[in-house]
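**Student:** Input: one structure, supplied below.
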């Protein structure tokens, strides 16, 4: 028996070696290096190991000719890769930054058909709008079905403050249900004023007539994008992030490949492809001009800013829609990952790799939110935990002679040289957009797929196969994880959560047994950093923004967790100290500029000092207790000494973060006026919390206790003489 096993093992090993040799060969013949996937069982969990990024890049460098080369790793690009590879096409995808690094990670997190579009379709008798809503509602149901761990149905309340609007909105929402047909999530319903306030107690009650609740879906957008890309890789697609296209090649006037550069190493090489797909969102025109410098630009970028507020601003299981803001825009107010998302704005902008939220946009959202919440809920500027801007790539249709008007839906365009461009559309319809794009690619390049029809409708995404709503209980029982952590792992990784848990380190506590948190306020653990590297995270920004969603949830928490995260990444990726410091610097700049840290700080610094004489005297006293040497400023050593009084041992990086939090003139010292500015900002609500301010308060309490002890000791010794 053992001899037979040995022979089988040897044969398997030899077969593996032969397959590896074939994979590295530059021959194009289909059986030699590419095995088309068998997708007849759409719900079957793929057992193929996920190739490492190094292996994927090596495959791209091996000289193969791909059927399709997809440029762009957002939702649409990843969807194209999954569609193409499941049809049996030899598929490659390159992304200049990270999967979902652009618009696809900065959405409202909704999976929706578009209530507003349906309203326009009915009011304007517009059949194209109706078709767009019908398609989106089908895709909404499909996303909820194929990735149940990353998605959920979400009830959304539409509060009504005028009686005549009740039948108007009720009819519109019922039409939304009707158009969805058997793909409807749940039926909408009307609520009385009393029941509305029971479900959404923070809502303003004055003049409230009632509410109408309808259902859409919600997702973790960046992780969904990543899961689609990983699913494509499991089924044979060659994908690589941080690989940019710098030139397109043509043979006899037709596109035949691209020159690419690995942004992590600087190495350049050529990839041969029969068809090239441009799925680059806001950067659509950049790739189109590589194909033809004379083409007119079709992208009209629009900035959409969202903010994250604490979870207590909204119920955990219900969102809110403001259908008519002061300037006619729509604002959503949604619970997401224990926080509350509010947004979005819609303003023309310039295309950039690093869009930034502005103070005006943040204040607009806060003002609109304030209009809907009761007076007990003080909407404070300091409660903005994070803010980000996403660029929505609205496009004009190059297929039509009149390109002035923007396309309501997505467009697929094939250039004379064969560049297939997919642009516009929205997150919810990524799969349908991908299917139409691959159809166009097959026709334009005369490709020979194994399956002519799209295979992805109902196709389960990475993590969905073994997931159940109670799967987290097994993680708690089998691994000794904290329940909140287990729930988070199950929702983020689905049935791959067990692989993550196996990488978790021991806590050294009685409970939980494993799973060291990277930040005490969030359920993210050390194992996710190690697993994230296997999910192609190459930089600290990849990790804090998209493998974990910490940067989007709380920018200050992300700053505090950054040193621990980069330490683990340095172990996994063999970074030198210099590289680790470089990654921290880049990630800090990302948090400061793109996640709202600097705009939050600038907002605080504009607030005039508004303190009473008594308050000023109190804060001066606290400041002087920390500044024992009466230097007139507090140094990093003063902060370290103060924290040690409470047995709190913090790293040098954490000390610098506490200092940066309040050091407005960036001279490495906290001066009295800066401290008073901070305290005034806290009082006015422009800053929700300051670790430095709390530290000063505790230092004063400690000082008073010590003074009292000395006084009692003196009195006792005096009484004994």
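Note: Cβ is positioned from N, Cα and C throughout, glycine not excepted.
Sharing the record's features from TrEMBL:
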- 700-714: compositional bias 'Basic and acidic residues' (COMPBIAS)
- 614-649: domain 'EF-hand' (DOMAIN)
- 650-685: domain 'EF-hand' (DOMAIN)
- 700-721: region 'Disordered' (REGION)
**Student:** DSSP helix, strand and coil counts for the compositional bias 'Basic and acidic residues' (700-714)?
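**Tutor:** Its residues fall into 15 helix, 0 strand, 0 coil.
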**Student:** Run through the domain 'EF-hand' (614-649) and tell me, per DSSP, how many residues are helix, strand and coil.
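**Tutor:** Reading the DSSP string over the domain 'EF-hand' (614-649) gives 22 helix, 2 strand, 12 coil.
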**Student:** Grab the pLDDT values for the domain 'EF-hand' (650-685) and give me their mean, rounded.
**Tutor:** 67
